[in-house]
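Engineer: Here you go, one structure.
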Amino acid sequence: MKGSSAARLRQLQLMLQKCSQSQKHASQSQQRFFPAKSFSTYQPVIKVTPKVSLFDQEVLITVHGLTRKAKVTLQAWIQHEWRREKVVFASYGHFVASEQGEVDLSKDSPVGGTFTGIEPMGLLWSLAPLPGHPTDIRLVWKDVTKPCDVHIALFPGHITPSDSTVCSEDPDPRPMCVTTASRWMKAADVSRVEIKEGRLRGMLFLPPGEGPHPGVIDVFGSAGGLMESRAALLASHGFAVLSLAFFNFQDLPKTLEDVQLDYFEEAVEWFSSHPAVREGGIGTVSVSFGATFAMLTAMQCPQVKAVVQINGPPFLIMRDLQRKGQVFVKSVQLDLNLATNTKEGYITKDALLYSPSDLLPMWKSSAHMLCLVSDDDGLNNPQWIEELRTMYPEDRRHLIEVVHYPGAGHLLEPPYTPHCRACMNPAEGKHCVWGGNPKQHSEAQRDSWQRLLAFLHDKLR
């Protein structure tokens, strides 16, 4: 236990060193938003402990130095770029200070704002695009070599983000104080190596130490490209992780139609024999379309011992899949006439024409599978996974574990990632409703992440 604590402390110390330049930039940003003349004569203080942390780490947010029972607003915001547009995400909470002139988010409930109840991390998970900014935005932190800087300001009285400096050049009132917390997807001592091996394209993340380490291949879905954030965070928890791109990246196929199962098999062969990866089998973490591919890969590759399946259909959708140059699995077709078209976008979970024979026979694999299922998913019907579970023979049912999350949507991300309810779905070329509500989705992200880590540590021992 002491060794684990020491390693954690070392990670944070290294991140603090690496963060100094980022903090300088953040300070300049604060000065731009909040000129020095704007501060009041007395100085309340916002404290974030720790100020530098991993993205999935809970922090303590407190305010000190207020007058007793003072009414104040805590407001958080980040600046994010989405498809070449700069978007500000913001959140806020209205608080009444204690008799001692303090606010503690681990003990105090807001009396108004973007979250309710005692929520230590409410300012982070309830972040959403500001009024006037596009609302169909998914917060994807693509550059894991830089922190996600979360600015937090304190205002007198109970106001909304529309009244504050984030939205106005000359607001009234001005903030009483401001601080910045740096959230990292990658611990400072995790190495990041670009992979170009044969056809394989991706990024390899290795935790510190000689290893070998438990190995995980991380795959996303229909967005394509290379998404490193989850892989970097997994490596920060002791896994050797290959973030695997499979289309729309460098010289890989431009579309899903040209993806072949052989590519994933090649990735398993290469990664499982890597000297930094522990022998005896690897795991996969995958979401949506990527989860379907991960299931098919586990059925072909005995090296895959553990599969984390996050809101993936248990059958192939829309596009036939080839292996060795021939059609290997026929796809289930989407009939948009059966979809529900709303102001937010399409809900397609009831628009797939499938039969039980289309379910992938995952029970033939010896891999253990953890299925994380969002019950308010607008793309996938949660009943699909239940139907798959019933197909498992009794003597193999221990190989599948299913966890349902009421009120959660399709995009289950690491903890404290802001909820995205709807945006463009590249696979369908239409706006789709991912589903979920912010509070229950946030609870699902916290729980599912802990289950995911525990499952991988257990099965890859």
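Backbone N, Cα and C define each Cβ position, glycine as well.
Reproduced below are the annotations present in TrEMBL:
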DOMAIN    259-460  domain 'BAAT/Acyl-CoA thioester hydrolase C-terminal'
ACT_SITE  SER288  active site, charge relay system
ACT_SITE  ASP377  active site, charge relay system
ACT_SITE  HIS410  active site, charge relay system
Engineer: Can you give me the same-chain residues 6 or more apart in sequence from ASP377 (active site, charge relay system) with a CB-CB distance under 8 Å?
Structural biologist: ASN311, LYS349, ALA408, GLY409, HIS410, TRP434, GLY435, GLY436
Engineer: Count the other Cβ atoms sitting within 10 Å of the Cβ of SER288 (active site, charge relay system), across every protein chain shown.
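Structural biologist: Taking every protein chain into account, the count is 27.
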Engineer: If you average pLDDT over the domain 'BAAT/Acyl-CoA thioester hydrolase C-terminal' (259-460), what do you get?
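Structural biologist: In the predicted model, the domain 'BAAT/Acyl-CoA thioester hydrolase C-terminal' (259-460) has a mean pLDDT of 96.
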Engineer: Using a 10 Å cut-off, grab the number of neighbouring Cβ atoms around the Cβ of HIS410 (active site, charge relay system), all chains included.
Structural biologist: 27
